[in-house]
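TrEMBL has this to say about the protein:
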type     : residues : note
DOMAIN   : 51-496   : domain 'Major facilitator superfamily (MFS) profile'
TRANSMEM : 48-78    : transmembrane segment
TRANSMEM : 98-121   : transmembrane segment
TRANSMEM : 128-147  : transmembrane segment
TRANSMEM : 153-174  : transmembrane segment
TRANSMEM : 186-206  : transmembrane segment
TRANSMEM : 226-247  : transmembrane segment
TRANSMEM : 308-326  : transmembrane segment
TRANSMEM : 346-366  : transmembrane segment
TRANSMEM : 373-393  : transmembrane segment
TRANSMEM : 405-427  : transmembrane segment
TRANSMEM : 439-462  : transmembrane segment
TRANSMEM : 474-492  : transmembrane segment
Amino acid sequence: MSEKVDLQVDLEQDESTTWNQVRVEADREEDWQHNLTIWQALKIYKTAVFWSVVASFCIVQEAYDTLLLGSLFALPAFKQHFGYNAGGKAGYQISAAWQAGLGQGANIGSLMGVFLGAFLVDRFGYKYSILGNLIVLAPIIALVTFAPNLGALLAGEILSGIPWGVFSTLAEAYASEICPQSLRGYLTIFVNLCWVLGHFIGAGVLRAANDITGKWSYRMPFAVQWVWIPLLVPLMAFAPESPYWFVRKGKLSKAERTVRRIAPAADQDRVHEIVSSMVRTNQFEKDVTAGTTFADCFRGVNRRRTEISCVVWTTQILCGLQFANYSTYFFQQAGLPTVYSFDMTIGLYAAAFVGTCLSWVLLNYFGRRKIWLSGLSCLVVGQILIGVLSVVADKGHTGARWAQAGLMIGWLFTYDMTVGPLAYAIVGETSSTRLRNKTVGLARASYNVFSICFGVLMPYALNPTKWNWAGKTGFFWAGIGSLCLVWAYFRLPELKDRSFLEADIMFTRGVPARKFRTYVIEANADKHVREVLDK
């Protein structure tokens, strides 16, 4: 392989730079990043933090809607307008089939959106892909708000899911690419905080909707989604593009200008070194795996990275998250009054918000692997306890119903302190920079596939006219969560405080997952890997 690459690093400098110069500059950048404290990074990269937060807020809409329909099934006016009278204590109900279809309509659209997002970002970049989908979403919200029947509502949910699928992949990848190594975990986790915030806002809006009579009790929650578009569109119009995207396109002078913008406190030499580090990482990944298609995610060293990304994100569903998405309906079917069911849901997501904030503290002291294994173990035990309390409640113990509700809050608090936010950090750090959009897209697609499958299952499990499992569903999720725990122990690596290049080298060398934390990478390791590959 050639030891030189032609680089237009700066229009005012020489037309080409030797590869050795790039390596020296990149080494200085790597050392600087490893020694950069969180507070220093916040001072230098404060603009990058702001734009990462703005892009992540696009996720709030999808999170809001995810909670919305699962909770609207418990809203009397919604059930009376769209449902049927099941008679007896059940009263008006939406059939389990329609609950399953409506609940997963957005996920079906999102599944299409994640692949669309990968195509759009390759062609147009992050900024214009996110901006365009925000604009497209506005008329779709009108369809779900004024849907006259369940069919129109389902169509609107599927169409809404397409831009949400784009947001769910691009916001994560954008955050990981414009921020420094020391802030990457915190800002990818902020994406999860936006999910929690969307759920929390949704719970509050639905609690207010419970006091409204008539059609606007369920139309108003849908209409609230319009609020985000006039706020986010003007902001995203001025957002910077990812410098990594410019490097991949060979537009290095634009990459430098973007770095100056997102890190205004960095001096000129430092900006040059930051771009050199990106060039070095990009070139190494090109040498190891030249392709950038979805198929390349399953070839060579990228197969392992894709597996980790997909399983980690899917574990969010497999440990029982769908249970929490139907929290209001679950509380109601467990025997709590409708008003108290909505109140408990607000408490549920308030606890989730606090849990996600605490995850930032854990992230500073512990590795991703340790937090993941400990958190997932607690979630499995929590699901078993929910199942046990359901059995007790069936024998007439009223206190067990409130204990189930309290345990559900504790479960989601633990989830959003460990598995929930850590998935975003792990996926953002595991994927290679050249295949990030596609790897994140595949991971999110696997999440959506399992979300659809188990989302169809949940209404049947909870609906009193069907299986009526209620809290005993916890036994089901505990079994699947245990399998995820075994996988994580053997396959999940530790990438805390590792740069993208260091991750590339360890994956290329096939370092076992349990040795990532202590593995020592020698100087010029990328050159040594190239020499081995050449032979």
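Each residue, glycine too, has its Cβ placed from N, Cα and C.
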Are there 3 or more C-beta pairs under 8 Å linking the transmembrane segment (226-247) with the transmembrane segment (128-147), counting only pairs at least 6 apart in sequence? yes
Interface check, the transmembrane segment (346-366) with the transmembrane segment (474-492), three or more C-beta pairs under 8 A: no
CB contact flag for the transmembrane segment (48-78) and the transmembrane segment (186-206), at least three pairs under 8 A: yes
Among 98-121, 153-174, 439-462, 474-492, the stretch with the most Cβ pairs under 8 Å to the transmembrane segment (373-393) is 474-492
Kindly say whether the transmembrane segment (98-121) and the transmembrane segment (186-206) touch, using the definition of 3 or more Cβ pairs under 8 Å where each pair is 6 or more positions apart. no
